[in-house]
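**Student:** Per Swiss-Prot, active site, proton acceptor is recorded for H365. Among the features that Swiss-Prot reports, UDP-N-acetyl-alpha-D-glucosamine binding site is placed at 9-12, K23, Q73, 78-79, 102-104, G141, E157, N230, R335, K353, Y368, N379, with the record citing sequence analysis. Under the heading Mg(2+) binding site, Swiss-Prot lists D104, N230. According to Swiss-Prot, the acetyl-CoA binding site annotation covers A382, N388, Y389, A425, R444, on the basis of sequence analysis. Under the heading region 'Pyrophosphorylase', Swiss-Prot lists 1-232. What Swiss-Prot records for 233-253 is region 'Linker', and it gives sequence analysis as the kind of evidence. The feature region 'N-acetyltransferase' is assigned by Swiss-Prot to 254-471, with sequence analysis given as support.
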Amino acid sequence: MSDITAVLLAAGHGTRMKSDLIKVMHPLAGKPMIGHIVDNVRRAGLEDIVVVVGYQQERIREYLGDRVRYAVQSEQLGTGHAVLQAAGLIDETEGGHVLVMYGDNPFIGPELIERLIRAHVEADAAASLLTAELADPGALGRILRDPATGAFLGSVEYKDATPEQRRIREIWTGVAVFRRAGFTALLNRLDRNNAQGEYYLPQVWEILLQRGEKVQALLLASEEDALAPNDRVELARAEARLRRQINERHMRNGVTIINPDATYIDEDVEIGRDTVIWPFTFIHGKTVIGPHCKIGPMTTIVSSTVAEGCVVEQSVVEESYVGPGCRIGPMAHLRPGCELEGAAEIGNYAELKKAKVGRGVKCHHHSYLGDATIGAGANIGAGTITANYNGVEKFRTEIGSGAFIGTNVNLIAPITVGDGALIAAGSTVGPRLEIPADALVVERAQAVIKEGRAASLKEAWRQRKMNREGT
């Protein structure tokens, strides 16, 4: 739809949120509200998007980047004034239309946007609005219709409405399409002769109606589609609905979610068929999970790729790649930058960071592997530590294929362990050591036994404590 410019209004503070963060940047299902709006507009086929920013505009610009163009509303003087700030970015010489949307209505999806635009074009209307009937419309403006025909007659802001008009339940959702030609001239005719002293965008269709031009209002089938969170209660409602929609989409695509009410999956997550998600699992960011996996329970995965046939149980995976057939957990932690090839096993209380792990590696218990490369088939014994940090710099550990690292081994980086080498349990080796392939490394201190010394040593400790305490 190259002949349509979308103008998204995102300049307001959102004071009812009672937050230091601008309302449109509050997250829903892992994505700021304005992100949902931009994505919905793009999925509807619109490429030319202008976002009107003001309060905390730097946050919005940082998030959206160059995906959109920007207009600035320095002073908050109403919705009509906000759209006017974008007028200079709308080319009226080529005809077409302008879509206006508030930046906080995430459930106006691409299908609804397409439906409104199609109805607008087919009717050759000057303006087309999307409306909804709410059980409790509160202080929102009301839509006025002819009681006999249902024809759209206009709208009235709540503060300007009569008691009878306030009983109307139909409201404008903040979404409208206008004919592009002459749109700026209409905006320049707006005035502030109302209770709030603001430039109302709805005055545009009042002007059009006075001129005898066609303005239509399309009513949404569901009140829930009009949900635009204004406070934390409504934000929680929106979050619950969006997550329910996300979970249902995955289930219809062949994913088993044992308890959808206790599973939290972000909007941009992809999951393959026949994967099973157990309760209390959180999957965030742009995570991709392959088919035939078992995820959870009590697992968190953030912006990672988990390939086919993996098991991730009671563990945390952050910004990492987990190859086919890997087993993670329970209680393992993959910190950012890990790459696991196929069939690796990372077990209880193991922690990895920036670790490249070869195929078939086993690291089952209480180990830390940081800034390390572990070759295929290596075995990492319980309690193995790569000491990679000296307080100033990080150093790498290289462990060759088929190497065997015994329990409670400290590898002081930088260190290289050759293919097939064996390091005996309890050894502390390195730094700057290169262990040859197939070598055996045993690091031991000779045990010293002093019979009867324990009692005298304990007595000395007691005396020292008494002297220190002055008793």
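Placement of Cβ uses the backbone N, Cα and C atoms for every residue, glycine included.
Here the structure is a predicted model, which means the values were calculated and not measured.
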**Student:** Sort the recorded positions G12, G103, K353, H365 by C-alpha distance from A382 (acetyl-CoA binding site) and give me just the closest.
**Tutor:** H365
**Student:** Take the region 'Linker' (233-253) and count its residues per DSSP category (helix H/G/I, strand E/B, coil), listing them in that order.
**Tutor:** 20 helix, 0 strand, 1 coil
**Student:** Could you give the maximum C-alpha to C-alpha distance in Å for the residues A382, N388, Y389, A425, R444 that bind acetyl-CoA per the record?
**Tutor:** 24
**Student:** When you measure from the Cβ of A425 (acetyl-CoA binding site), which residues in the chain that are at least 6 apart have a Cβ under 8 Å away?
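**Tutor:** Spatial neighbours, sequence-distant, of A425 (acetyl-CoA binding site): G381, G406, T407, N408, V409.
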**Student:** Work through the recorded positions one by one (N230, H365, Y389, R444) and name whichever has its CA nearest to the CA of E157 (UDP-N-acetyl-alpha-D-glucosamine binding site).
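**Tutor:** In terms of Cα distance, E157 (UDP-N-acetyl-alpha-D-glucosamine binding site) lies closest to N230.
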**Student:** For N230 (Mg(2+) binding site), list the number of other Cβ atoms lying within 10 Å of its Cβ atom.
**Tutor:** 16
**Student:** So if I measure Cβ to Cβ from G103 (UDP-N-acetyl-alpha-D-glucosamine binding site) and keep only same-chain residues at least 6 apart in sequence, which ones fall under 8 Å?
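**Tutor:** Set apart from G103 (UDP-N-acetyl-alpha-D-glucosamine binding site) by at least 6 residues yet with Cβ under 8 Å, we have L8, L9, A10, V24, M33, I34, I37, V51.
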**Student:** What is the number of other Cβ atoms found within 10 Å of the Cβ of A382 (acetyl-CoA binding site)?
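**Tutor:** The Cβ of A382 (acetyl-CoA binding site) has 19 Cβ neighbours within 10 Å.
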